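Participant: This is the structure, below, for whatever I ask next.
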Amino acid sequence: METQIEKKKHITLEELREHNSPSDLWIFIHDKVYDLTHWIRDHPGGGIPLLNLAGQDATDPFTALHPPFAWKHLDRFFIGYHLSNNQISDLSKDYQLPISDFTKLGLFEQKGHVILLTLFIIFTLFSIAVFFIIGTTSLYAHVAAGILIGFIWTQSGWVAHDTGHATVMLTPWFNRITQLFYANCLTGVSIGWWKRTHNAHHVACNSLDFDPDLQHIPIFAVSNELFNTLTSYFYERKMRYDTIAKTLISHQHWTFYPVMCFASLNLSAQSIVLLLWNKNVPNIFQEILGVMVFWVWYSYLVSFLPNNGERLLFVGACFIVTGIQHVLFCLSHFSTSVYVGQPQGDEWCKVQATGSLNIRCLPWMDWFYGGIQFQVEHHLFPRLPRCHLRRIAPLVRELCKKHKLQYPSVDFCEANRRTLATLKDIALKARNMEVSGPGIWCGML
């Protein structure tokens, strides 16, 4: 009788994998099986990460992406089962140790002064930019104002990125206000859209059919696998390699930097589309109001310029400067290893390390990169405030060395060279590939 009861409390990994749909979604975390079927819609990180890990061991991604208080919420989803044949890899064991150490040291709670200093700089530069527009008639001052606004958008993006991953302000409420102000109101990009996309990226890093950050058809392709009409499980549609895609991708190593100059427009457009379609965006009224605030103040500021020529120069300067940030996003992943298929929870650590590229820089340049120069560290420990990433880099390097994982770390010029080489290689292959017919495009930059 005891044996029968014990068997009822355990399921095999094969049985767990059967529960992998939106209507029947189980995951395994630290020796327990949880039924999250009814949590998909209300999950703060969106339903997509849960669907991507359905029927799997999600211990490592859960630990990486959730603060300790999230464990308390798990109990209500526990269905009494344990995994009978679970084998934890040595890499996973070694990965969990520093998370425990960082928690004991309080690193996840020590925010540093980077955010407050950045907020002060943004406020100061914004005031100067407004004065240049309203208080002067100089063409050079107006272009300089555009450059300042572009720089402000870049730094605001880093602040939004920080607040999206963790509570970096004093309270969750203050953190939310900061998100809305620096993402929606200052840059016109919905923080709700960003969270939905970015969480999917972190869970499915460099999966060609699950990671939205690599789905840029018809503009760019980072692998010839994208010529095979893959399905985007994020955008829920086919990514067809048609005539237009072939033409654009065949020259992508030449168009990369020009496209990056105006990539912010794509983010704003995708934000608006998501908010209009209302794909279960939390606090959607706040999101819409914030984006509206951006377009009101930005349009009003542009209206102070004396003629359309200066308005065009101002707007162009804003977007071109912000394009540097989008280049940095692409440098982090475009030239690293990619794969086709659903992300595997038990391979999560390995994929985060091999799918990311670090950019070496001097400590005084950390503000410029916003923390993503330590892309490997950030992907392994996304909740860790950026002020600690340089400190933990040697530990991550040793972890990768011990488990024979790549730890790519190059300077800015080499990162650009590798990205352009990848784009050129795929461009040359694209010219010899047959198109697959008309289709719907998708992607973000």
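Start at 1 and count along the chain as shown; that gives each residue its number.
Including glycine, each Cβ sits where the backbone N, Cα and C put it.
Under the heading domain 'Cytochrome b5 heme-binding', TrEMBL lists 8-83. TrEMBL lists 114-134, 140-161, 173-194, 214-235, 256-278, 284-305, 312-334 with the feature transmembrane segment.
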Participant: Which one of these stretches, 114-134, 140-161, 256-278, 312-334, has the most C-beta pairs shorter than 8 Å to the transmembrane segment (284-305)?
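Facilitator: Stretch with maximum Cβ contacts: 256-278.
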Participant: Do at least three CB pairs under 8 A connect the transmembrane segment (256-278) and the transmembrane segment (173-194), leaving out pairs fewer than 6 apart in sequence?
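Facilitator: Taking Cβ pairs at least 6 residues apart, the transmembrane segment (256-278) and the transmembrane segment (173-194) are in contact, with 3 or more under 8 Å.
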Participant: How many of the residues that make up the domain 'Cytochrome b5 heme-binding' (8-83) does DSSP mark as helix, as strand and as coil?
Facilitator: 30 helix, 18 strand, 28 coil
Participant: Would you mind listing the long-range same-chain contacts of the transmembrane segment (214-235), meaning Cβ under 8 Å and 6+ residues beyond its ends?
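Facilitator: That would be 48, 52, 197, 200, 204, 206-208, 241-242, 244-245, 248-249, 252, 255-256, 259, 333-335, 338, 340, 342, 422-423, 426, 429-430, 433, 436, 439, 441-445.
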Participant: Summarise the model confidence on the domain 'Cytochrome b5 heme-binding' (8-83) as a single mean pLDDT, whole number.
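Facilitator: Mean per-residue confidence for the domain 'Cytochrome b5 heme-binding' (8-83): 90 out of 100.
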